[in-house]
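Pulled from TrEMBL, these are the features on record:
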- Q47, E122, D153, G154, P178: S-methyl-5'-thioadenosine binding site (BINDING)
- D102, D171, S172, S173, D174: spermidine binding site (BINDING)
- D171: active site, proton acceptor (ACT_SITE)
Amino acid sequence: MKHERNALPPYLHMDNGELWLTEDDRDNLKISYRIKEVIFAEPSEYQHVMILDSYDFGRMLVLDGVVQTTSIDGHIYNEMISHVPLQFHPEAKRVLIIGGGDCGAARETAKYAHLEAIDMVEIDEKVVRACKEHLPAVSGNLSDPRVRFVYDDGVVFVQGKESVYDVIMIDSSDPVGPAEALFSPEFYANVHRALKADGLMVCQSQSPIFHLDILKRTYRNIRELFPHVLVYTAVVPTYPGGLWSFTIGSKRPLVFPAQTTIPNDTKYVNDAVFRQCFALPEFLRSALEVE
């Protein structure tokens, strides 16, 4: 597909006849991707949404010029934010996913037959529709009847709910703009209230390399509400620094199961990865120890 400079969607540019996406939302770091084709590009009520086909990362979801997930490594993030916490709550029946418009976390969560209901709350319906149609490697064209799509602000949705969910997954974008509220103490307090007495939550807590302050603040805010907190990591090449973190907060002790129930069709997480992902590099372990 050929692109004229004046016809390019926002955030894309031509360089020596090649189409590029450059993430320029950071002051000191810019990441560029060579693009084969623009699959989808439209503004929504909340943000600019694109599905691009890239040379090295396959198809990618791009929101306001920032890559959110790709067909090459999106499974890593989605498997780690879903399968890991579910190993600590084998009796779970109701799961809430806040964010996760690419449907990847919902797709992985739906692999557990014992779950009765999975509510996925995403503010932007256009993201969900674009991913289901154009990013099947991540979304899997999710159609499980237990998954209920709610197009609402997750911050608002969780307010006033009490003892409803066994597990809450906060699959948010970076803490800027509307997503910033998904990292606030007030939001975590509402999440705590929405969980049952033995419930747990998990959230993505940014890069230990580039966003250590955000990770430490997230850890501290969750620990003030939940008596049992664990941080774990995974390697996600798409994200700055490659190393990405997740934080679990639980109302009951986090007991490692003798045998995991991870599905046999995963591409990244398995029993060994599950048990080892909580081993933190020394710089991160020591940073959290003083919090």
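In case you wondered, yes, glycine gets a Cβ from its N, Cα and C as well.
Each of the binding-site residues D102, E122 was scored by other CB atoms within 10 A of its CB, and the lowest score goes to E122. S172 (spermidine binding site) sits 14 Å from Q47 (S-methyl-5'-thioadenosine binding site), taking the CA atoms of both as reference points.
For Q47 (S-methyl-5'-thioadenosine binding site), other Cβ atoms within 10 Å of its Cβ number 19. When Cβ atoms from all protein chains are considered, those within 10 Å of G154 (S-methyl-5'-thioadenosine binding site) total 28, not counting its own. For G154 (S-methyl-5'-thioadenosine binding site) paired with D171 (spermidine binding site), the C-alpha to C-alpha distance reads 10 Å. Annotation: D171 carries the greatest number of neighbouring Cβ atoms among the binding-site residues D153, D171, S172 [cut-off 10 Å, Cβ to Cβ]. Considering only the binding-site residues Q47, E122, D153, the residue whose Cα is spatially closest to the Cα of D171 (spermidine binding site) is E122.
The DSSP secondary structure for Q47 (S-methyl-5'-thioadenosine binding site) is coil.
The two recorded residues Q47 (S-methyl-5'-thioadenosine binding site) and D102 (spermidine binding site) have their Cα atoms spaced 15 Å from each other. Rounded to a whole number, the C-alpha distance linking E122 (S-methyl-5'-thioadenosine binding site) with D102 (spermidine binding site) is 10 angstrom. Cα spacing between D102 (spermidine binding site) and D153 (S-methyl-5'-thioadenosine binding site): 16 Å, rounded to the nearest whole number. Secondary structure from DSSP puts E122 (S-methyl-5'-thioadenosine binding site) in coil. In the three-state DSSP classification, D171 (spermidine binding site) falls within a strand.
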